[in-house]
Amino acid sequence: INGFGRIGRIVFRAAQKRSDIEIVAINDLLDAEYMAYMLKYDSTHGRFDGTVEVKDGHLVVNGKKIRVTAERDPANLKWDEVGVDVVAEATGIFLTDETARKHITAGAKKVVLTGPSKDNTPMFVRGANFDAYAGQDIVSNASCTTNCLAPLAKVINDNFGIVEGLMTTVHATTATQKTVDGPSHKDWRGGRGAAQNIIPSSTGAAKAVGKVLPELNGKLTGMAFRVPTPNVSVVDLTVRLEKAASYEEIKKAIKAASEGAMKGVLGYTEDDVVSTDFNGEVCTSVFDAKAGIALNDNFVKLV
């Protein structure tokens, strides 16, 4: 793992629940003792379920020794010394093929970017275009919003056809925001206090769906509202359909996908849920059947 921030630590926690992933090395400019502390305690996801300690400069988790380094340049990471197959590039800095390729130079076989690429590095989203993966050594897993939107958009487009659509994401606070008003030169609104405001913001998530689902290219765009919640975001997708369908028919199509081809990726619920009910959710997208609404058989809002 390169970058042990919010995403890096959540990747680590998720990997601990799987038998087919072994974390062998972490690179971050933090010292090992502080990394152990940040892994152990998490305000959003609670205490780490297991043992965490530091021995001889290594992180030891559940008795397993993990190499810790503090290199600024990924080219110096010597991943081959610890047998790294895949690097989770979670710094948010190295989001191009040219910069991420330094991990390959350092001995890694593959790199997964944990955010949208800044160049033409291919993006892959579960439930959308995983079948298009052709062995590329550097890929992007896009953004959290794209992972929520793409599976839903695919089901709707495959079953009813999307003429055009607008997306709004009601988005939890992220690390780039300010606790109180502060300078944010590129995005003035983004510098306003995160806990006090609903902040309109831009998002490339809807356009990114056009990259992972080319048939929707140019048909979707969207914006975001940053809201004062610590985790879990909502996608509100409003679309015009080619093929007329009642809201009940749309629900049926999504439910069928959630139990079939998209099981484990796209969830479906008819419960009276709220955002905190999805803290730690394993599906990347969960359709809230009760929250959506149709104006008519060709115009519908999905949540």
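Any Cβ shown, glycine's included, is placed from N, Cα and C.
The candidate list Thr121, Thr174, Thr179 contains one residue that Swiss-Prot assigns to the D-glyceraldehyde 3-phosphate site with Ser143, Cys144, Thr145, Thr203, Gly204, Arg226, namely Thr174. Relative to Thr145 (D-glyceraldehyde 3-phosphate binding site), the binding-site residues Arg6, Ile7, Asp28, Arg72, Thr114 all have Cα atoms farther than 10 Å away. Arg72 (NAD(+) binding site) sits 23 Å from Thr174 (D-glyceraldehyde 3-phosphate binding site), taking the C-alpha atoms as the reference points. Take the CB of Thr114 (NAD(+) binding site) and look out to 10 A: across all protein chains shown you find 24 other CB atoms. Least crowded of the binding-site residues (Ser143, Thr145, Thr174, Thr203), judged by neighbouring Cβ atoms within 10 Å of its own Cβ: Thr174. Cα-Cα distance from Arg226 (D-glyceraldehyde 3-phosphate binding site) to Arg6 (NAD(+) binding site): 17 Å (rounded to the nearest whole number).
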